[in-house]
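J.: After the structure tokens below, expect a handful of questions from me.
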Amino acid sequence: MAEGAASQEEQSPETPDSPSPISSFFSGSGSKQLPQAIIIGVKKGGTRALLEFLRVHPDVRAVGAEPHFFDRSYDKGLAWYRDLMPRTLDGQITMEKTPSYFVTREAPARISAMSKDTKLLVVVRDPVTRAVSDYTQTLSKRPDIPSFESLAFRNRSAGLVDRSWSAIQIGLYAEHLERWLRHFPARQMLFVSGERLVRDPAGELGRVQDFLGLKRIISDKHFYFNQTKGFPCLKKAEGSGRPHCLGKTKGRPHPEIDAQVLRQLRDFYRPFNRKFYQMTGHDFGWDG
Ligand SMILES: Nc1ncnc2c1ncn2[C@@H]1O[C@H](COP(=O)(O)OS(=O)(=O)O)[C@@H](OP(=O)(O)O)[C@H]1O
């Protein structure tokens, strides 16, 4: 983890955060830049996968840990933030990912104050599955928490969903997006489908490379489907050059949730999802 940066993400030891000797050699030259592109969310959307896949590109340099600058460390100042970044050469893009930015009220104004040209990437995933994934992460750290079913409702028999529970709140994508659009034009935001990132990583990475103005280098050739993991993995990770899957905390089994509860949550999210599809001009297919 970068010194001074606080990550909430459960990092896998396999995550290639330390540069290889060859990339250390190159990182001696160049200079540290503030990021031109940031993966701002969403938590449990597939943000680590997107960053690790993008790092394969020779023109992308990214900080491995989550800096949490625009939500938790803003008072440390931009010089502190820049110092966390890897060195880059001319033409390379500096990136970071901190999924909590998407739901942080102050983040849009703060990022815009750094540079109004910052490109923003958001990996979105079915908000119901995302909520279960979020709950699964909390459960892994605190096995004594109440059931998903009891936390999701203020009054279950009345079908009253608890919007104040963060696992529910984060999935109200249209509401969060409204705040970002007060500070950034829609053309500066790209919404990556978390589902497609699993099904067709090269296809989704094609869109991302175009959006970032990068040559299309990352393609089908870079991925293989690991049957044991049940997810796409990299044939050669940035840094090590060895096959690389994300760690054990990525793609873990979810507890079984009552089917009626899942239906109620689908009903709850439907109007928010519709609005989000309208705002982004893209139907993500969560209500199919
Ligand atoms: N290739 C690959 N390998 C493993 N996992 C993958 C991959 N692509 C996407 N995902 C999905 O990423 C989910 C975790 O999302 P994040 O990395 O955004 O989580 S975090 O907010 O940073 O904790 C994680 O959620 P869970 O399945 O609930 O563990 C995965 O579904």
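Cβ from N, Cα, C; glycine included.
The region 'Disordered' annotation in TrEMBL covers 1-30. Per TrEMBL, compositional bias 'Polar residues' is recorded for 8-17. The annotation compositional bias 'Low complexity' is assigned in TrEMBL to 20-30. Residues annotated as domain 'Sulfotransferase' in TrEMBL: 35-275. Taken from TrEMBL, the feature 3'-phosphoadenylyl sulfate binding site covers Lys44, Gly45, Gly46, Thr47, Arg48, Arg125, Ser133, Lys250, Gly251, Arg252, Pro253, His254. According to TrEMBL, the feature active site, for sulfotransferase activity maps to Lys44. As annotated by TrEMBL, disulfide bond applies to Cys233-Cys245.
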J.: How big is the gap, in Å, between the Cα of Pro253 (3'-phosphoadenylyl sulfate binding site) and that of Cys245 (disulfide bond), rounded to a whole number?
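T.: So the Cα of Cys245 (disulfide bond) lies 16 Å away from that of Pro253 (3'-phosphoadenylyl sulfate binding site).
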J.: Restricting to the chain of Gly46 (3'-phosphoadenylyl sulfate binding site) and a gap of 6 or more, list residues whose Cβ falls under 8 Å of its Cβ, or answer none.
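T.: Long-range Cβ contacts: Val123, Arg125, Val192, Gly194, Leu197, Val198.
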J.: If you run the three-state DSSP split on Arg48 (3'-phosphoadenylyl sulfate binding site), which class comes out?
T.: helix
J.: Measuring Cβ to any atom of ligand 1 with a strict under-6 Å cutoff, which of the binding-site residues Lys44, Ser133, Pro253 qualify?
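T.: The ones that qualify, in sequence order, are Lys44, Ser133.
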J.: What Cα-Cα separation, expressed in whole Å, is found between Lys44 (3'-phosphoadenylyl sulfate binding site) and Cys245 (disulfide bond)?
T.: 16
J.: Return only the integer: C-alpha distance in Å from Cys233 (disulfide bond) to Gly251 (3'-phosphoadenylyl sulfate binding site).
T.: 12
J.: Let me know the largest Cα to Cα distance in Å among the 3'-phosphoadenylyl sulfate-binding residues Lys44, Gly45, Gly46, Thr47, Arg48, Arg125, Ser133, Lys250, Gly251, Arg252, Pro253, His254, as an integer.
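T.: 18 Å is the greatest Cα spacing among the residues binding 3'-phosphoadenylyl sulfate.
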J.: If you draw a 10 Å sphere around the Cβ of Lys44 (3'-phosphoadenylyl sulfate binding site), how many other Cβ atoms fall inside it, taking every protein chain shown into account?
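T.: I get 25 for this one.
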J.: Note down the number of other Cβ atoms within 10 Å of the Cβ of Cys245 (disulfide bond), including every protein chain shown.
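T.: Around Cys245 (disulfide bond), other Cβ atoms within 10 Å: 21.
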J.: Using DSSP and collapsing to three states, where does Ser133 (3'-phosphoadenylyl sulfate binding site) fall: helix, strand or coil?
T.: helix
J.: Could you pull the average pLDDT for the domain 'Sulfotransferase' (35-275)?
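T.: So the average pLDDT across the domain 'Sulfotransferase' (35-275) works out to 97.
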J.: Taking only same-chain residues 6+ apart in sequence, whose CB is under 8 Å from that of Ser133 (3'-phosphoadenylyl sulfate binding site), what do you get?
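T.: The list for Ser133 (3'-phosphoadenylyl sulfate binding site) reads Lys44, Arg125, His254, given in order along the sequence.
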J.: Out of Gly251, Pro253, give me whichever of these binding-site residues has the highest number of other Cβ atoms within 10 Å.
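T.: Selected residue: Gly251.
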J.: Considering the recorded positions Arg48, Cys233, which residue's Cβ sits among the greatest number of other Cβ atoms within 10 Å?
T.: Arg48
